[in-house]
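Trainee: Pasting in a structure now, in C-alpha cells, and then I'll have a few things to ask.
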Amino acid sequence: MKFSNITIKNFRNFEKVNINLDNKNVIFGMNDIGKTNFLYALRFLLDKEIRKFGFNKSDYHKHDTSKKIEIILTLDLSNYEKDEDTKKLISVVKGARTSANADVFYIALESKYDDKELYGNIILKWGSELDNLIDIPGRGNINALDNVFKVIYINPLVDLDKLFAQNKKYIFEESQGNESDEGILNNIKSLTDQVNQQIGEMTIIKGFQQEITSEYRSLKKEEVSIELKSEMAIKGFFSDIIPYIKKDGDSNYYPTSGDGRRKMLSYSIYNYLAKKKYEDKIVIYLIEEPEISLHRSMQIALSKQLFEQSTYKYFFLSTHSPELLYEMDNTRLIRVHSTEKVVCSSHMYNVEEAYGSVKKKLNKALSSALFAERVLLIEGPSEKILFEKVLDEVEPEYELNGGFLLEVGGTYFNHYVCTLNDLGITHIIKTDNDLKSKKGKKGVYELLGLNRCLNLLGRENLDEITIDIPEDIKGKKKKERLNERKKEIFKQYKNEVGEFLGERIYLSEIDLENDLYSAIGESMKRIFENEDPVHYLQKSKLFNMVELVNNLSTKDCFDVFEHEKFACLKELVGSDRG
C-alpha cells in the first residue's frame, strides 16, 4: 500500500490543495501557515477519536458553510501480491474495490454544514472509481475504516504520565495467565498484606485511624471504622508502577524528569503499542514538531529512527528542525506556503545511489535551505566565507528575511535545484566558468562551467574544444592562457549567458577570484601585500580567503555587494539597491 495523493477542499485555511504523497512525508513551512491543519485533515479522515466530534463552523474555509468540506485520499494498491498491508485493506473493503481500476483506491470525506444543528456531519465513502464511491459501512462512530487503520497522533507536548496510565492496563494484562508469573504474583500479594499489617501497627497510623473514625461517627451514626491501606493492596501492584531510568553499571534509579528524556520514552511506548496492541492494523504516525524539548543530538537520533526503522512505515511529520531531516531518503517533502492563498508544493526526495556515501552531507546542507524563501547555491567554503562577511556588513538580517547560502560541495547543483524548484523555493546560482582537460586527449577541454549551467536548464552539453598551448608554457603562464580563452568563450556564448541570468544563474567570466579582483582589486593587493592577489589567493584558496575576509573593511563589503559581478547577492536579499 502506498499513499499517493490527498485533495483538501474548504477546510480551515485550505481553499483547495492537491498534494502528492508517499509513505514517509515531511511537512514544513512558516508558523501558522497550515501544517497542523494538514495533519488534522488526515485525522478527520482516518481517526475516529477526532471524527466523532464532527465539524464546527470555524472548520470551514473562511467560515463559508455554503460549500462542503471535502478530503479525498488516494492509495496505490498495485503491490497487492507482495504487501501485507495492502492485503489487510483489501480484505476489509471487499466489494468497494472493483477489478476495472483495482490498483487505485479512494477514501473520501465530505461534510455539509447544518445551520439548524450548528454542526457539520461527516459522511465517509470509498471505492476504486472516484465518481462512483460507496458509503463506508459502520455503526455509530465506528466504521470499517477503523478496523484497518490506526492513527497514532503524537502531540509536540506529549504527556508521558497520561500515555503510560492510559495504556497500563493493556500492557500488564498481557502477563495475566502467564504461568511463570503466577507464583511471583502470589508472593507479591502476600508481601503486600504484610506491608499493610505493619502499616496498621504503627502508632501514628493507629492514632489517626481512631480519631478520624470518631470524627466520622460524630457526623454519621454508622458502625464503620476508617483504616489506612496501601493502594497496592486494593488496586493491585501494577497501579503503583511508573517508569524510571537506570544507567548501565549504576545501581541507582533516576526519575524521567527531563522533558527530552520523557519525550523519547513516550515515543518508545508508542512504538511498543504499534507492535503489540495494533499489530493487526495499518499504523499511521502523525507526528507534530517533535523537536520541541529535544536536544540537537536527540533530534538527529530520532531522524535515524524515523527514516530507517520499519516501525515508522507510514508517517506524516511536521517540523521546523533541519536536524530531523539528516537521514531522509525516499521521502515526500511537502512545503506549505502562502502568497494570496495557502498552497502546497511537494517533491519526492531520493538520494541517488551514486551519492549514497555522502547522503548525510547532502541532506545536512539541504535541510536548512528548505526553510528559506530564497537560496543562493555556491560551490564551496571560500565563497561561503566571503559572502557571509559581505552580507553581515551590508544586509545582516538576510536570513531573518528568508535568505540562505547553500554550499553544494563542488558540483552537486542538480541534486539541490530539482528539490528547491519543485518546492517553489527561489534558487540563485553562482558558479565558475571552469574548463576541464580530457584525460588522454592533449589540448582538449570540456566546457565544464557552461555545461553545468546548460544542464540546469535541461540542455545538452556543448562540444569539447581544443586549446593549443605549447608544452614549454606551464604553471602561471598556462593559467593566464586558459583564462584568456575563458573570456573568449564567455563572449562567444553571450546569448546563453543572457539566458542564464534570466534563470538566476550567474556564471563568472573566469572565476570567483577574478570577479573579486574586479570589485576590490586594490584592497586585495593591500591586504595580501602582493601585486598579483588573484594568484596569491588561488595558491591556498580557503586559507587565504580567511585572511582576506578578516581584513575587509565595510567599504570593501559594499563595493563587492554593489558590483555587477556579484549581482547574485542582491538577488538573494531581494535588494533594489542601485
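Numbering starts at 1 and runs along the chain as displayed.
Keep in mind that glycine also has a Cβ here, set from the backbone N, Cα and C atoms.
Since we're looking at a predicted model, the values are computed, not measured.
Below are the features listed in Swiss-Prot for this protein:
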BINDING   Asp32, Ile33, Gly34, Lys35, Thr36  ATP binding site
BINDING   Glu379, Asp463, Glu464  divalent metal cation 1 binding site
BINDING   Glu383, Glu513  divalent metal cation 2 binding site
REGION    1-341  region 'ATPase domain'
REGION    370-510  region 'Toprim domain'
Trainee: Give the number of CB atoms, excluding that of Thr36 (ATP binding site) itself, located within 10 Å of its CB.
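Mentor: Thr36 (ATP binding site) is surrounded by 18 other Cβ atoms within 10 Å.
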Trainee: Three-state secondary structure of Glu513 (divalent metal cation 2 binding site) from DSSP?
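Mentor: Where Glu513 (divalent metal cation 2 binding site) sits, the three-state DSSP reduction gives helix.
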Trainee: May I ask you to report the DSSP-based helix, strand or coil state of Asp463 (divalent metal cation 1 binding site)?
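Mentor: For Asp463 (divalent metal cation 1 binding site) - judged by DSSP and reduced to three states - the answer is coil.
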Trainee: Other than Asp32, Ile33, Gly34, Lys35, Thr36, which residues of the same chain sit close to ATP? List them in sequence order, counting a residue when its Cβ is within 8 Å of the Cβ centroid of the site.
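Mentor: Going along the sequence, the neighbours come out as Asn13, Gly29, Met30, Asn31, Asn37, Phe38, Ser318, Val336.
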Trainee: Which of these binding-site residues is closest to Glu383 (divalent metal cation 2 binding site) if you go by CA atoms: Asp32, Ile33, Lys35, Glu464?
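Mentor: So, of the listed binding-site residues, the one sitting closest to Glu383 (divalent metal cation 2 binding site) is Glu464.
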Trainee: Take every residue in the region 'Toprim domain' (370-510), average their pLDDT values, and give the whole-number result.
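Mentor: Averaged over the region 'Toprim domain' (370-510), the predicted model reaches a pLDDT of 94.
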Trainee: If one measures from the C-alpha of Glu513 (divalent metal cation 2 binding site) to the C-alpha of Thr36 (ATP binding site), what distance in angstrom results, rounded to a whole number?
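Mentor: That separation, Cα to Cα, works out to 47 Å.
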Trainee: Work through the binding-site residues one by one (Asp32, Glu379, Glu383, Glu464) and point out the residue whose CB has the fewest other CB atoms within 10 angstroms.
Mentor: Asp32
Trainee: Cβ neighbours within 10 Å, counted over all protein chains: which one of the binding-site residues Asp463, Glu513 has the most?
Mentor: Glu513
Trainee: Quick check for the class: what is the C-alpha distance, in angstrom and rounded, between Asp32 (ATP binding site) and Asp463 (divalent metal cation 1 binding site)?
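Mentor: Cα-Cα distance, Asp32 (ATP binding site) to Asp463 (divalent metal cation 1 binding site): 51 Å.
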Trainee: Reported as an integer number of Å, what is the Cα distance between Glu379 (divalent metal cation 1 binding site) and Ile33 (ATP binding site)?
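Mentor: Their Cα atoms are separated by 32 Å.
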Trainee: CB neighbours of Gly34 (ATP binding site) within 10 A?
Mentor: 25
